[in-house]
Amino acid sequence: MADDTPRQRESISLTPVAHGLENMGAEFLEIMEEGQLPHRHSSLPEGGGSRSKAVWKPFSRWRSLQPTVQARSLCREHWQLFEWISKGLLSTAYIGFLIVACLLDFPRALALFVITCVVLVFLAYNLLKRLLGSKLKKCVKFQGHSCLSLWLKRGLALAAGLGVILWLSLDTAQRPEQLVSFAGICVFLVLLFAGSKHHRAVSWRAVSWGLGLQFVLGLFVIRTEPGFVAFQWLGDQIRVFLSYTEAGSSFVFGEALVKDVFAFQVLPIIVFFSCVMSVLYYLGLMQWVILKIAWLMQVTMGTSATETLSVAGNIFVSQTEAPLLIRPYLADMTLSEVHVVMTGGYATIAGSLLGAYISFGIDASSLIAASVMAAPCALALSKLVYPEVEESKFRSEEGVKLTYGDAQNLVEAASAGAAISVKVVANIAANLIAFLAVLAFINAALSWLGDMVDIQGLSFQLICSYVLRPVAFLMGVAWEDCPVVAELLGIKLFLNEFVAYQELSQYKQRRLAGAEEWLGDKKQWISVRAEILTTYALCGFANFSSIGIMLGGLTSMVPQRRSDFSQIVLRALITGAFVSLVNACVAGILYVPRGVEVDCMSLLNQTVSSSSFEVYLCCRQVFQNTSLEFGQEALHNCCRFYNHTVCT
């Protein structure tokens with residue numbers, strides 16, 4: 001009788017088969033290295049035996065392959081030695097090339113020399129961290145607990161505060177306008193504290209350290225000669241690097257369009273810069289820099305790991321890309337930490353847009369410095385406006401890791417960066433068209449309403465020039481330049497910073513071209529100090545159109561926290577706007593005029609082919625000087641470019 005019960009299928013393991021194949025392959029390679037091959041007609045020994053005991057006969061064809069197999073085996077055994085030899089030869093060749101380049105023309109090889117030094121510093125740091133990292137960490141931790149007691153910390157803070165006050169009192173004796181900028185910082189901080197969510201919970205350690213780091217960075221960049229030269233050099237290198245965009249855009253759009261049309265001249269720079277940033281992220285360089293900046297701010301300010309990483313990332317990426325660095329942790333972050341994330345996004349600009357603003361002619365070193373200085377200031381002011389009252393889960397950086405993207409190779413990373421920028425470029429172009437059209441409509445409507453009550457020339461810019469004039473003055477801008485700066489602040493706040501920087505570039509171009517300062521009752525350009533302070537004040541995404549961008553980006557990552565994001569987004573926007581204003585005030589305290597004095601006698605007593613800012617300044621001295629100190633040649637040169645009563 002047949003058994004109807006189904007038989008259980010027996011599992012068959014292929015592991016012995018695999019091991020057998022591996023053994024046969026290894027045995028076969030060993031025989032090949034000996035130059036032998038089993039003969040086709042070889043028979044097994046009497047009494048049986050395995051195939052491995054067959055009679056092997058030499059074979060000339062396999063003997064010819066013996067050197068190749070031996071070389072392969074040698075490389076496999078000593079691959080690490082060959083790797084070190086290759087690295088040594090390449091390093092020696094590179095060092096020799098660098099030495100020859102520096103000996104021939106050091107200024108020409110300066111960029112390569114600086115890059116080499118930076119790479120060597122990174123390599124030395126990683127080597128020391130690998131060898132002595134744990135020991136140094138224990139030593140520093142021990143010293144911190146034993147020496148830096150509470151009274152010593154307070155004493156150091158008091159000494160630092162008194163030092164700043166003493167320095168300001170001595171430094172502002174020659175330039176009183178710096179005191180106005182200092183008063184502006186105090187006013188802005190008082191206003192932010194008045195609007196704080198939890199006044200008694202403010203972490204003054206985070207506020208003081210954040211503002212202190214911002215001041216030290218500004219002091220290094222603006223006041224010290226090495227810092228100023230370094231950032232000026234870095235800005236020049238970025239400008240040269242971005243000029244290579246013209247090769248690609250000229251091929252696609254044509255040289256005529258690239259030179260004459262704004263969209264084809266500026267927007268391709270964003271594509272190129274986004275591609276480069278994507279490559280740097282793939283290589284891990286950006287993550288390394290972000291981690292080190294975040295570590296410095298976290299150690300000094302006592303903030304959590306996630307919020308500090310997001311703010312540090314905002315130095316290089318936009319308000320929607322920086323939260324991606326901490327995307328897995330957004331759901332568990334406190335409201336104060338989310339407020340920091342939003343404030344950091346509003347207080348800085350994206351690295352891709354940095355290239356576009358530099359192409360406008362905006363001072364590159366000021367843009368770079370403003371982006372770096374805004375990071376600690378954003379943390380400080382955010383903790384002032386929305387202090388931490390909950391228990392954070394991310395006090396330690398353990399378990400918090402940065403992603404390296406999904407690209408599999410360098411080419412894919414570059415291609416992905418260029419593809420991502422298409423959406424950014426389209427968004428910028430669409431916003432420019434929409435906002436400029438809306439601005440023109442608003443101005444036309446305001447002018448129409450103003451004509452009804454005999455107010456001529458009423459416009460959005462005119463209203464902003466009156467409403468925001470006190471803000472511009474508190475930044476440290478001269479009163480005669482305040483209306484123009486207030487207009488730009490209004491455009492940045494109610495439209496976007498792209499339009500504001502474009503307007504600022506036009507004022508700067510007119511100044512450099514030597515245009516007259518006033519054309520009727522309208523100012524044609526502003527002073528260099530006002531340009532620098534405005535550059536700092538406009539450096540941020542804090543405008544009302546960014547509210548939707550911020551909410552859309554964060555909500556798409558964590559939909560369940562939509563109500564939390566909506567609750568604090570407006571407060572974060574205002575805080576981000578104040579970060580840019582405080583940044584401008586710090587620049588106003590530290591800014592000193594630089595440049596070589598122009599010899600007006602030598603400049604004007606020769607034929608001048610075109611006007612410039614230096615020519616205008618010298619001609620203004622000629623028109624104001626009633627004596628014959630400059631001579632008729634100087635007066636003739638000035639009257640060729642400017643109309644003045646003296647010329648008649």
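Yeah, the Cβs are placed from backbone N, Cα and C, and that goes for glycine too.
Here the structure is a predicted model, which means the values were calculated and not measured.
Around Asn605 (N-linked glycosylation site), the same-chain residues six or more apart in sequence whose CB sits under 8 Å from its CB are Phe630, Gly631, Glu633, Ala634, listed in sequence order. Residues or ranges marked as N-linked glycosylation site in Swiss-Prot: Asn605 (among others).
In the three-state DSSP assignment, the secondary structure recorded for Asn625 (N-linked glycosylation site) is coil. Just so you know, the Cβ of Asn625 (N-linked glycosylation site) picks up 14 other Cβ atoms within 10 Å once every protein chain is counted. The annotation N-linked glycosylation site is assigned in Swiss-Prot to Asn625 (among others) on the grounds of sequence analysis.
DSSP gives Asn643 (N-linked glycosylation site) a coil state; it is part of no helix or strand. Its Cβ placed at the centre, Asn643 (N-linked glycosylation site) has 9 other Cβ atoms within 10 Å. Per Swiss-Prot, N-linked glycosylation site is recorded for Asn643 (among others).
Swiss-Prot lists 1-83 (among others) with the feature topological domain 'Cytoplasmic'.
The topological domain 'Extracellular' feature in Swiss-Prot is assigned to 105-108 (among others); the stated evidence is similarity to another entry. Note on the topological domain 'Extracellular' (105-108): its mean pLDDT in the predicted model is 86.
Look at Swiss-Prot and you will find 130-147 (among others) tagged as topological domain 'Cytoplasmic'.
Annotation source Swiss-Prot lists topological domain 'Extracellular' at 169-175 (among others). Helix, strand and coil content of the topological domain 'Extracellular' (169-175), in residues and according to DSSP, is 3 helix, 0 strand, 4 coil.
Taken from Swiss-Prot, the feature topological domain 'Cytoplasmic' covers 197-201 (among others). Within the chain carrying the topological domain 'Cytoplasmic' (197-201), a Cβ under 8 angstroms from the stretch's Cβ atoms is held by residues 385-389, 571, all 6 or more beyond its ends.
What Swiss-Prot lists as topological domain 'Extracellular' is 223-265 (among others), and the listing cites similarity to another entry. Sequence-distant contacts of the topological domain 'Extracellular' (223-265), counting only residues of its own chain at least 6 positions beyond either end whose CB sits under 8 Å from a CB of the stretch, comprise 110-111, 114, 271-273, 354-355, 358-359, 363-365, 367-369, 429, 590, 592, 594.
The topological domain 'Cytoplasmic' annotation in Swiss-Prot covers 287-294 (among others), and the record cites similarity to another entry as its basis. Under 8 Å from some Cβ of the topological domain 'Cytoplasmic' (287-294) lie the Cβ atoms of residues 122, 281, 305, 308-309, 311-313, 315-316, 325, 375, 397, 402, 404, all in the same chain and six or more residues away from its ends.
Among residues of the same chain six or more beyond the topological domain 'Extracellular' (319-339), those with a C-beta under 8 A of the stretch's C-beta atoms are 290, 304, 306-307, 309-311, 313, 345-346, 348, 350, 382-383, 385-394, 400, 402-403, 541, 546, 549-550, 552-554, 557-558, 560-561, 564-565, 567-568, 571-572, 575. Annotation comment: Swiss-Prot describes 319-339 (among others) as topological domain 'Extracellular', evidence class similarity to another entry.
The topological domain 'Extracellular' feature in Swiss-Prot is assigned to 381-427 (among others).
Residues or ranges marked as topological domain 'Cytoplasmic' by Swiss-Prot on the basis of similarity to another entry: 449-470 (among others). Taking DSSP states H, G and I as helix and E and B as strand, the topological domain 'Cytoplasmic' (449-470) has 14 helix, 0 strand, 8 coil.
Listed as Cβ neighbours of the topological domain 'Extracellular' (492-531) (distance under 8 Å, sequence separation of 6 or more from its ends, same chain) are residues 177, 349, 353, 356-357, 360-363, 428, 431-432, 435-436, 438-439, 460, 464, 476-478, 480-481, 483-485, 537-546, 577, 588, 591, 593, 610-616, 641-642. As annotated by Swiss-Prot, topological domain 'Extracellular' applies to 492-531 (among others).
Residues annotated as topological domain 'Cytoplasmic' in Swiss-Prot, with similarity to another entry given as evidence: 553-571 (among others). When Cβ-Cβ distances below 8 Å are used as the criterion, the topological domain 'Cytoplasmic' (553-571) is approached by residues 195, 197, 319-320, 323-324, 327, 330-331, 335, 338-339, 341-342, 385-386, 547 of the same chain, each at least six residues removed from its ends.
Annotation source Swiss-Prot lists topological domain 'Extracellular' at 593-648 (among others), citing similarity to another entry.
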Asn625 (N-linked glycosylation site) versus Asn643 (N-linked glycosylation site) - Cα distance in angstrom:
16
So which of 266-286, 340-360, 572-592 has the most C-beta pairs under 8 Å when paired with the transmembrane segment (295-318)?
340-360
Would you say the transmembrane segment (202-222) and the transmembrane segment (532-552) are touching, if the rule is that at least three C-beta pairs must lie under 8 angstroms and be 6 or more residues apart?
no
